[in-house]
Amino acid sequence: MAAAVQDSRVSPGEILKRSPKKKKKMKMVAKAAASKLEDEVKDSSDGEGSCDSEMDHSDDGAAEADSEDNVESCEEDNEDAAESSAGTNSGWADAMAKILNKKTPKSKATILTKNKELEKEKEKLKQERLEKRKQLDKKREWEMLCRVKPDVVKDKEAERNLQRIATRGVVQLFNAVQKHQRNVGEKVKEAGGSVRKRAKLMSTVSKKDFISVLRGMDGTSRNSPAGKSPKARQTEVKSEESPGWKILRDDFMMGASMKDWDKESEGEEPAGGRAEAAASR
């Protein structure tokens, strides 16, 4: 019983010290109290500093009153300078605004000096183009000089005559080619199967043979042999030996000179003689 009585007489502080959870709570409470004390000390020190600064401001008040006059005079000078600079800046700004807001056409350059140079170059190019056009016009006029468009309605007879002459010439040419081929074929048959003779014969064939055949065709096409006298046939044989068309002769216009330009050729009759012969008939 005595031991139980002694245990009941133990103080509550000792009981708290014995339990670990209660020890932690006590530590947290002590820390909070210490932090509160530190905050109070800081607040008191800040109040003392503010009081000292107020005392310093009161001592400097007289010096500030003396310097206010100087500050006002400086401010007036600065205001005058600002007004003058503002006037110049506003004029400059107005001029720049006019330049920037000015609308220039697309054909002209924004820089005037370059615009003048471009205009000079354009004028030079225009002059060169005009000169080229003039040269082309002169060339076309020269090419079209003495050119006349044919009128089919008015020149029907002339066109028909030209067509007849063309058809006659083509027919005569093809007949001459056929005749020349026939003559060459006959000569090849006469030569036989020897290659040497054929080669020799083909080497003798030339343009002159074909031209002689063409000249003979020209002479025979003008006059047919049917119903002619032996004298006419003799003349035809002579004409076959000599070319029918004088222009195809090798010696055509070889003996002519400038003195005989107004004289008629030997084969041609004077126009008066032909007219008299026609009248007598």
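Any Cβ shown, glycine's included, is placed from N, Cα and C.
Just one residue in Arg9, Arg160, Arg164 has citrulline written against it in Swiss-Prot, and it is Arg9. Of the listed residues (Ser221, Ser239, Ser265), Swiss-Prot tags Ser265 with phosphoserine; the rest carry no such note in the record, though that does not show they lack it.
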